[in-house]
Amino acid sequence: MSVALAGNPASTSTQYEPLRVMIVDDSVVIRGLISRWIEAEPDMVVAASLRTGLDAVNQVERIKPDVAVLDIEMPELDGISALPKLLAKKRDLIIIMASTLTRRNAEISFKALSLGAADYIPKPESTREASAADIFKHDLLQKIRHLGGKVRRKASAASSTAAPALMREPAAPAHSVASQAALVKRPFGVTAPRVLLIGSSTGGPQALMSLVSEIGSVIDHYPVLITQHMPPTFTTILAEHLMRSARRPAHEGVDGEVVKSGQIYLAPGGRHMRVVRQGGQAVIALDDGPPVNFCKPAVDPLFNSAIDVWQSGILAVVLTGMGSDGMRGGKDIVAAGGSVIAQDEASSVVWGMPGAAANAGICAAVLPLNQIGPKLVRLFSGDRS
């Protein structure tokens, strides 16, 4: 079966094969729920619905899935044990770990990311709660579509010389464009930066751990505030990983806490993190309001609120992630005289958020992840080149 690319006038004649999704979960309820959601989508199909990790390992070569949704807790062979075996048999398999929100499962999910899983998704405690099930559905389908789509685009590019009649490429994210050389870049702000703000989503944990390990001199002298799209418990674990990577203090922001240099503050899962000025000091204000850009915590609330505190002294970085969160806040930062750096497409797991910022023309630089850290060190040391 092939499906025409929808919503893109430039590619109305292009077709692609639906993403093949393998569901691996010992819960028949979860398998049935995910199967129904996937089968209702025009750009994906259920390649297999399996009960154990052992079933998945034994059948993955025959099934040939593009994406696997892999439960952590299963009989015979659990998700974390099955993960490396699946990747050994199919190196390009996109694996999304699924687990309930416990500390143990959060820790296992982080281990899975280090072993090659592409992403994770928290399963609702009960699928009977409509709002929780709707959020799970929205997030899961988005992850399958965007993560699977990137692999298809890479495969399509690698085989483009063969000029196949049937394109194996799903609709690209809205901001995944052609040559980055064509992106309009603006000069860095003239004011020396006094705070570092970072926003990230899919692929963010690994990117953040890599980045903070390279900017110790920045953290020592300036506050660093981060919003990563993540649920509660997961952000607690991420803060611990950031502290180990940076070898500097890192923790979830606390409502009313004074922001100080030498600290990394991470937005806690399920709450927006803003900054306000009180008595001449920058103070964290946690917000339990509705999601922004479908996310909570979201990047835009952090970016926007920081302007009232640091004005033109803001340097913001938008890392890998789906959607466009951070773009509007980045626009306001630039309008106030600050600067924005975006991660480039090649080094991003998903070039949604950084792509939105780059294509909006608000970035002073669009860089590979391994060049962002050294650039930040130079900028905070006064080198504006």
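Backbone N, Cα and C define each Cβ position, glycine as well.
Here is what Swiss-Prot says about this protein:
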{"type": "DOMAIN", "residues": "20-138", "note": "domain 'Response regulatory'"}
{"type": "MOD_RES", "residues": "Asp71", "note": "4-aspartylphosphate"}
{"type": "DOMAIN", "residues": "189-383", "note": "domain 'CheB-type methylesterase'"}
{"type": "ACT_SITE", "residues": "Ser201", "note": "active site"}
{"type": "ACT_SITE", "residues": "His229", "note": "active site"}
{"type": "ACT_SITE", "residues": "Asp325", "note": "active site"}
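Fewest other C-beta atoms within 10 Å: among the recorded positions Asp71, Asp325, that description fits Asp71. Over all protein chains present, the Cβ of Ser201 (active site) has 29 other Cβ atoms lying within 10 Å. Here the C-alpha separation of Ser201 (active site) and Asp325 (active site) works out to 9 Å. Taking DSSP states H, G and I as helix and E and B as strand, the domain 'Response regulatory' (20-138) has 55 helix, 27 strand, 37 coil.
In the predicted model, the domain 'Response regulatory' (20-138) shows an average pLDDT of 94.
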